[in-house]
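**Student:** This is the structure I have questions about; it appears just below.
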Amino acid sequence: MGGVSKRKSKGNNRAARHERATRRWPDQIRADLDDGERARVLREEQPVDFDKPALGQFYCVECDRHFESGATLDRHSATKKHRRRVKELLDSPPYTQKEAEAAAGMGAVDTGIRGADME
């Protein structure tokens with residue numbers, strides 16, 4: 001008689017969880033882009049970091065990624081994924097603290113009388 005069969009794998013989601021915890025959120029990136037001096041420093045004057053590819057010198061601010069060389073950064077800038085990210089950052093307004101609180105159910109108290117407009 002057969003025993004309990006082994007369940008098939010549902011995939012490895014560890015990389016996605018790790019990325020979510022280590023990458024910057026779009027509103028943080030938008031704040032960097034809005035501050036011109038900060039964006040310039042991120043693009044041009046990266047400090048040397050031995051743990052990052054190419055010592056952290058080739059960085060895409062919009063995608064929050066480091067690259068091995070200037071050529072790979074240029075190739076990345078021409079990809080559809082990068083262009084979509086830039087469009088997303090420029091077109092959509094960044095989240096505000098007020099929107100975050102409203103989404104969490106901590107928004108302003110509604111003191112209106114229900115059904116007052118129905119009469």
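Backbone N, Cα and C define each Cβ position, glycine as well.
TrEMBL does not curate its annotations; it predicts them automatically.
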**Student:** With TrEMBL as the source, which of 1-31, 63-93 is set down as region 'Disordered'?
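**Tutor:** So the range that TrEMBL calls region 'Disordered' is 1-31.
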**Student:** For the region 'Disordered' (1-31), could you work out the same-chain residues 6 or more beyond its ends whose Cβ comes under 8 Å from its Cβ atoms?
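**Tutor:** Non-local partners: 61-62, 64, 88-89, 92, 94-95.
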**Student:** Looking only at the compositional bias 'Basic residues' (1-15), what are its DSSP counts of helix, strand and coil residues?
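**Tutor:** Summed by class, the stretch gives 2 helix, 0 strand, 13 coil.
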